[in-house]
Ligand code: ADP
Ligand code: ASP
Ligand code: MG
């Protein structure tokens, strides 16, 4: 008998029928004698609908009130799932984040979990109940409702598993595991049996939204056994594990991630003197704009070009700031481009293999795809390219690194 935390995502609880199917599945697990804590998302599309309602009320919704609205999505599903279980004779009880007391900081819309009270949950488990917890939400010290950022139910699941020292955290979704790349984009993508925390963290950070970044961070930090599985199809899914030094068969590249959420800003004719990078990026970070890739060219005639990327939603704001900065430091011009995409190859196998970057660049050049920016770390290489070549680039890298499946993946829900 094990203690298992299971999280079901939005599509898996998207209709009354699906919630009933989930209840049947839980009933089956319960019959095997497991202690179960279930985390659910809002029904698919619901969080978007709530955001839209809020925006109709206030162009930039008040962060506290937005969380008040958003948290209702998950509150509906926990209640419905509890009813579905009770109607099947399975004892169950539902709790919102604040009822459990999933304590977070005060960062509305992107709060971080600080502590979870496990007393009530344990008492209910001891009483034989299935405990259902609303994903994506918590409460701060003052009792304000907070939410954890898009995809945050994954983090609720992993954090609960860590707090309860669960035997496994299972993330049920609409694909049967983590794939070499998004199977919606590349048909020949292949399910991975295993992926390391480190690789999964890179994949998530670089755009693979199958797991929220923080959930992977949490799982790595507390060593929570984490598995991604299909909600309605049997299968082993993908296990996220510690690096396995013994496995010699480690492929060079485990996966390809991509992201269309960024925009590129360039400031040209920047005087090449100490302190300039700070004078450009200081005001950008003071405006709370996160900067991702940064490239500064070698100076010619004592001036240089400086390019960096930010989230697409921040491009306008960043351009305004740069316009100001350009005047102050005597730069020639500023330009913004939001028709870009970032493609990254990820793999711990890169550490022990040479020539990975050149293989990547060769594959892109064969398809005539121009690389605008490059950044690397120990286990990933990212390039910025024209957005219109994104899918082509992902496909061509997928086959260049021999990731293609022999058999096509099965259909998703
Ligand atoms: P849920 O609503 O269950 O949380 P998400 O939509 O957040 O589901 O995550 C599942 C989706 O993630 C899949 O439908 C798939 O399109 C996408 N995805 C992106 N990259 C990958 C990947 N490498 N492997 C599997 N799925 C991926
Ligand atoms: N409902 C939230 C979202 O759509 C959280 C989640 O599903 O994980 O982002
Ligand atoms: Mg998700």
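Each residue, glycine too, has its Cβ placed from N, Cα and C.
Per TrEMBL, the features are as follows:
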- 7, 8, 9, 10, 173, 174, 179, 184, 209, 210: ATP binding site (BINDING)
- 47, 74: substrate binding site (BINDING)
- 265-339: domain 'ACT' (DOMAIN)
- 345-413: domain 'ACT' (DOMAIN)
Rounded inter-Cα distance in Å - residue 9 (ATP binding site), residue 74 (substrate binding site): 10
Maximum Cα-Cα separation in Å among residues 7, 8, 9, 10, 173, 174, 179, 184, 209, 210, which the record lists as binding ATP: 22
Binding-site residues close to ligand 2 - of 7, 47, 179, 209, only those whose C-beta is under 6 Å away: 47
Those binding-site residues in 7, 47, 74, 173 whose CB falls under 6 A of ligand 1, listed in sequence order: 173
Nearest recorded site to residue 74 (substrate binding site) by CA-CA distance, among binding-site residues 7, 173, 179, 209: 7
Of 7, 9, 47, 74, 179, binding-site residues neighbouring ligand 3, Cβ under 6 A: 9
Distance from residue 47 (substrate binding site) back to residue 173 (ATP binding site), taken between C-alpha atoms, in Å: 17
Surrounding CB atoms that lie within 10 Å of the CB of residue 7 (ATP binding site), all protein chains: 28
Binding-site residues compared (47, 74, 173, 179) - highest count of Cβ atoms within 10 Å: 74
Pairwise CA distance, residue 179 (ATP binding site) versus residue 47 (substrate binding site), rounded so that it is a whole Å: 25
Alpha-carbon distance [residue 47 (substrate binding site); residue 7 (ATP binding site)] in Å: 17
Mean per-residue pLDDT computed across the domain 'ACT' (265-339): 93
